[in-house]
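Everything on this sheet refers to the single structure shown next.
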Amino acid sequence: MSASNTSMYSYTGIQQVAIYMGMPILIIGVFGEILIIIVFLSLKTFREKSCAFYLTIMSLFNVGQLLFCLFPQIMIQGFDIDLTRTSVFYCKCRIFIRQLCTLMSCTCMGLATMDQFFATCSTIWWQQLSNIKLARILTSLYFIIWICHGIPFLIYIDIVRLSPNNELYCTVTNRIFLHYFQYGFVIILAGFFPIFITILFSLLAYRNVQKSMYQIVPLIRRELDKQLTVMVLVIVAFNSITTIPYVVVYIIMRGSIPIQDPIIYLQLQFSSTVFSNIYFLHFASSLYIYVCVSERFRRQLIYVLFGMHRRQTLPANHVSP
């Protein structure tokens, strides 16, 4: 097969993946994350639990990631509509919002696993670190940190004309910051580091839950801790599966050794598109994971969607004797 035919098939494949894979992820993801926010805010059981608070904030930024990152990617790759080439403001803000949503989502996931580790410890001092007040302080603090972290993105990202096609692209204009973006941000901060932290603390929390079976712990607290720990553990495993392939392909494509074979490069480009969409499952699948692994969450979801409405309408229909 000639390079031109391969290029045509690769472009068509990327377009099809963006539309038929990206759009369903976007729709089910936004729907699911909004439902999580509603469930966690509706039930007092979750509102008073710091781990659930972290997961609520994570879902909020997951919605932002899907709307401001996945949706523009679908428009660019699927429909060839790229506003980042025509608007400097949009070019800068899209990358800024992307880094903010990515890092806040990863941070909240990491804090949730650490919180469950503290909550399930047998030592009182460690348990005291799991509280809603500290959770609010930490999320606010990290929000400010990642806002400041995004300032260089606003400075060093711009629309420039690049060879060989001499077309306009929204890209990093500073070489040093480009290296940080490729290796420090994508590979470490948004890649392997959060995976390491979340796996470590979720396994430690799971071990604590197993130990608590043989300790005198209130049944309601034990069941809630078990529910949240299993939910967190499974979502951490799923996030690792969806993130690692994307980061590996990214490393290969941005490697120090340039890829000379155009066919191999196009194949990697297609693989990058596929794994990029799989990566966005990281931000779209929380609800469906919770529903699959937790029978209690399924009951809570049904209660919020149907039971609470019936309870609110019951007094209006009640006839006094």
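Every residue, even glycine, has its Cβ placed from backbone N, Cα and C.
TrEMBL lists 32-290 with the feature domain 'G-protein coupled receptors family 1 profile'.
Nonlocal intrachain contacts for the transmembrane segment (17-41), taken as residues 6+ away from its ends with a CB within less than 8 angstroms of a stretch CB, comprise 47, 52-53, 55-56, 59-60, 62-63, 66-67, 70-71, 73-74, 76-79, 270, 273-274, 277, 280-281, 283-288, 290, 297, 300-301, 304. Here TrEMBL flags 17-41 (among others) as transmembrane segment.
Annotation comment: TrEMBL describes 53-75 (among others) as transmembrane segment.
Beyond the ends of the transmembrane segment (95-114), by six or more residues, the same chain brings 51, 54-55, 57-58, 61-62, 64-65, 68-69, 135, 138-139, 142-143, 146-147, 149-150, 153-154, 157, 170, 185, 189-190, 194, 197-198, 200-202, 205, 232, 235-236, 239, 283 to within a C-beta distance below 8 angstroms of the stretch. Positions annotated as transmembrane segment by TrEMBL: 95-114 (among others).
What TrEMBL lists as transmembrane segment is 134-157 (among others).
For the transmembrane segment (177-206), the list of distant contacts is 99, 102-103, 106-107, 109-110, 113-114, 116-117, 119-120, 152-153, 156, 229-230, 232-233, 236-237, 239-240, 243-244, 247, 250-251, 254: same-chain residues at least six beyond its ends, Cβ to Cβ under 8 Å. Taken from TrEMBL, the feature transmembrane segment applies to 177-206 (among others).
As annotated by TrEMBL, transmembrane segment applies to 227-253 (among others).
What TrEMBL lists as transmembrane segment is 273-293 (among others).
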If I count Cβ-Cβ pairs under 8 A between the transmembrane segment (53-75) and each of 134-157, 227-253, 273-293, which range comes out on top?
273-293
Local confidence of the domain 'G-protein coupled receptors family 1 profile' (32-290) - pLDDT mean:
90
Chain residues outside the transmembrane segment (273-293) and at least six past its termini with a C-beta under 8 angstroms from it:
13-14, 17-18, 21-22, 25-26, 28-33, 35-36, 55, 58-59, 62, 65-66, 69-70, 73, 77, 105, 230-231, 234-235, 238-239, 242-243, 245-246, 249, 301
Which residues of the chain, 6 or more past the ends of the transmembrane segment (227-253), have a CB below 8 A from one of its CBs?
49, 51-52, 55, 109, 112-113, 116, 119-120, 182, 186-187, 191-192, 195, 198-199, 202-203, 205-206, 208-209, 259, 268-269, 271-272, 275-276, 278-279, 281-282, 285-286, 289-290, 292-294, 296-297
